[in-house]
Amino acid sequence: MQNEIKEVLISKEQIDQKCQEIGKQLTEEYDNKFPLAIGVLKGALPFMSDVCRHIETHIEMDFMDVSSYGNEMRSSGEVKIVKDLNTQVEGRDLLIIEDIIDSGLTLRYLVDLFKYRKARSIKIVTLLDKPAGRTADIKADLVGFEVPNEFVVGYGLDYQEKYRNLPYIGILKPEVYGG
Ligand code: 5GP
Ligand code: MG
Ligand code: MG
């Protein structure tokens, strides 16, 4: 697996450090508010798991699985709910946890959905932001790292369902896409 990676963009140590920083900020932000942290499956799983262990106040966790029609490297913006929340969001403070914002279409859809369901507040934290890919009007409240306009894998992010278990963020060798 490791020999299929061309370059490590963000190391495990950098990610660990960032999760600590973000956890600290979220602790201050949500102290005594009991927010609902919503992880967007599957990509946000490692980030949510790590960052939540640095939040030192009560939170509730739930998950949403959405799939967007499009090819596997780019979302189309037509979002289908594969797994909805088990929790009512009306009147709740929501913290959406994402792996990466590219076009922003997935998050635009989710934010609109949660507004419609009458959430009290909605914030977005994303490990990665790819501003060059943006087509929807959406901005994260907290961003771990900005990445260039390249397809990245690892730490939750997949290519054809592989590489999610890499402990770092990297770029694949071009020949991997061929095979
Ligand atoms: P968006 O709707 O913002 O375009 O992106 C939604 C989803 O597309 C992300 O949550 C992620 O699953 C996928 N995606 C976008 N950019 C990348 C990337 O560089 N690498 C991988 N593996 N997935 C990406
Ligand atoms: Mg995602
Ligand atoms: Mg994917």
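Every residue gets a Cβ built from N, Cα and C, even glycine.
Unlike curated entries, TrEMBL annotations are predicted automatically.
What TrEMBL records for 13-160 is domain 'Phosphoribosyltransferase'.
Taken together, the residues in the domain 'Phosphoribosyltransferase' (13-160) have a mean pLDDT of 94 on the 0 to 100 scale. Assigned with DSSP, the residues of the domain 'Phosphoribosyltransferase' (13-160) fall into helix, strand and coil as follows: 41 helix, 48 strand, 59 coil.
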